[in-house]
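Data block below; observations after.
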């Protein structure tokens, strides 16, 4: 697109995970399996909780929201990644790039906020069991869920809107297999000061603050469990939060590692960043349903009622 003597970018070129055709083929098979596992597994979780009255509790209500976010996240990334790997179509339109940024930011920020809410739910269940029903009422749970989606939607709209105002008039090769805000800012020929300030603010709130709140909840949970005298009581208390703790560990470890990668532009750092991105956009959404199914007796019991097989 031309404006006077200046050329503006109308599409971007994404960098694949590998240039080797055989590696691309193997990765394509892997991503198809991960995507199908994520869609089927999270879809099954949503349906199972919806049709099982015994699972109509705050914990599983938030789990439905987590499953929806996992589907959104992996659907935003994997189909385009498969397109690049299978037919080597590594270009993405300007509008498509902004759309990918929008839904990726929305899903990832929402998941960070939701994990904090779920940690608070587990804190109340273990540390305030007699008041659990009063504190975690359905009006509050609904309000928390709406807050998660709305707060992150506002953040996403602001950041995507700030990206849309930028001009891209030079190189159009993104050093990643997806559209991310930091990668795109490097290609802009406009001032990105406001964008960088908003990124720092969002990182502090959604990353640092929510991590501290989540860890605080689990600090109280661990202290409460240690005060239980019987081994069976400790085991029951730990089982109520073990699945969520495993998901939190998996998700935050990849996100934190991604932020700790040096931004020196070295190939090794870039490759590490790609691997970590795959972990929290493809692997984590596929593993979450398995974690909650295999480690949760209530879910397995409900699944056996819906589809009676040997579990």
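Each residue, glycine too, has its Cβ placed from N, Cα and C.
Because TrEMBL annotations are produced automatically, they should be read as predictions rather than curated entries.
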- Item | Per TrEMBL, the range holding transmembrane segment, considering 158-180, 181-203, 204-226 | 204-226
- Item | Considering the transmembrane segment (60-78), which listed stretch of 25-48, 98-120, 204-226 counts the most C-beta pairs under 8 Å | 98-120
- Task: Could you check if the transmembrane segment (98-120) is in contact with the transmembrane segment (25-48), meaning 3+ Cβ pairs under 8 Å among residue pairs at least 6 apart in sequence?
- Result: no
- Query: Other than its close neighbours in sequence, what residues sit by the transmembrane segment (25-48), given a CB gap under 8 Å and a spacing of at least six beyond its ends?
  - Reply: 17-18, 55, 63-64, 67-68, 70-71, 74-75, 78-79, 81-82, 85-86, 282-283, 285-286, 288-290, 292-293, 299, 302-303, 306
